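Here is what Swiss-Prot records for this protein:
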REGION    83-110  region 'Disordered'
MOD_RES   Tyr100  phosphotyrosine
ZN_FING   271-288  zinc finger
ZN_FING   297-314  zinc finger
COMPBIAS  329-347  compositional bias 'Polar residues'
REGION    329-476  region 'Disordered'
COMPBIAS  465-476  compositional bias 'Pro residues'
Amino acid sequence: MSFRRINSRYFENRKGSSMEEKKAKVPPNVNLSLWRKNTVESDVHRFNSLPSKISGALTREQIYSYQVMFRIQEITIKLRTNDFVPPSRKNRSPSPPPVYDAQGKRTNTREQRYRKKLEDERIKLVEIALKTIPYFVPPDDYKRPTKFQDKYYIPVDQYPDVNFVGLLLGPRGRTLRKLQEDSNCKIAIRGRGSVKEGKNASDLPPGAMNFEDPLHCLIIADSEDKIQKGIKVCQNIVIKAVTSPEGQNDLKRGQLRELAELNGTLREDNRPCPICGLKDHKRYDCPNRKIPNIQGIVCKICGQTGHFSRDCNSSSQRMSRFDRNATVNNSAPIQSNDVHYNSNTHPIQAPKRSRYDNNSTEPPLKFPASSRYAPSPSPPASHISRQAQNVTPTPPPGLTSSSFSSGVPGIAPPPLQSPPESEQPKFSLPPPPGMTTVQSSIAPPPGLSGPPGFSNNMGNDINKPTPPGLQGPPGL
């Protein structure tokens, strides 16, 4: 009996031990470090003076501020104790390619990347705490950086047809410079697609040829507020480019206009509207413009409606203006612009005859004697020319008829003949005092004979002295 009892107890113990071993068996895919007690956990709670359990009632803003302070303290303890190694995971993401400095040391190890991540997180939390928590004091080992940077990724994969780089840069980079002035931060376009193909790397700033990240805007500033403002201005341009219909993007049209100004190809008339005097529209777009009645306009050349006489394309424009009886397409004769008057009521303003109508059989025009157009009466017989009567003018007092002549010295005048008796006038003038006969000419020069039929002296005395104060012609 005792033996059976011992055996039964032995087998029961064996069975229980096998069950315990079976329960204690660890699967091969389980990370044992996750189930072990963290040795640094006690140190974290020992250095962190903030309690993790809150018994009182807090508002939402107070809870958020308490979380920020607790996380800042937690990160500070990890950095002090060098507990910045992430938990080992079997299925983790692949590590980036190694990067080395000038001394050949690797700068992107696993620990360095995790430490940099914790430091960036603490910097952001400290900036938030300084603004929201009064009398907040940063940790002792905290050093505020001189510049902050962040990335805004552009949705190129969702909208491949939109030229985001061109909209952000603008004509010759003016849009990007304007964004930097508005946000007071430096904005650079980096990532895949930010550099044109064939661009030399020496002409670009450092980091511009890093094509590992997708297309993004790298924003650098000296405060977190400026970083957020820079992200917002970049986001506004991307949203406007995505939501605006084609051809209605005001930003793109403004950039094209500015580019035309820079190239000198902008053609814009800044003159005001001649109708209302405003500059925001053209004359044909003026709201005060009155459209004329085209059907009420009649051409004076062809007689048709719809156009002015100066715009008429009729062949009658090439016809002679003197052909007043010509007609075009059986229309009314072309009317002259001259004003016609009734000769009966206005005899003075009757049309004049043309100089080309000398051979016309029409009777000459007759005007009344009181009209200013009436011909002047013929002069009386007393107004007959002196040349027709062959009478020399009376010399002035003190001059003789022999010395008063219109001839040229040294040249004999042509012979003068008296007109026939039938043509002589019935009246004659008496000779001047001291003269018995009328002298017709002066004596010829010495050595020359007179004209045929006349004597050499011509009835004059060559030796007769000249009047006092006068000298004779040369050679006399």
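The backbone N, Cα and C atoms fix where each Cβ goes, and this holds for glycine too.
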Within the chain of the residue listed as 'phosphotyrosine', which residues six or more apart in sequence place their C-beta under 8 angstroms from its C-beta? Arg106, Thr107
Go ahead and report the DSSP secondary structure tallies for the zinc finger (297-314): helix first, then strand, then coil. 0 helix, 2 strand, 16 coil
Three-state composition of the zinc finger (271-288), taking helix and strand from DSSP: 0 helix, 0 strand, 18 coil
In the predicted model, what is the mean pLDDT computed over the zinc finger (271-288)? 77
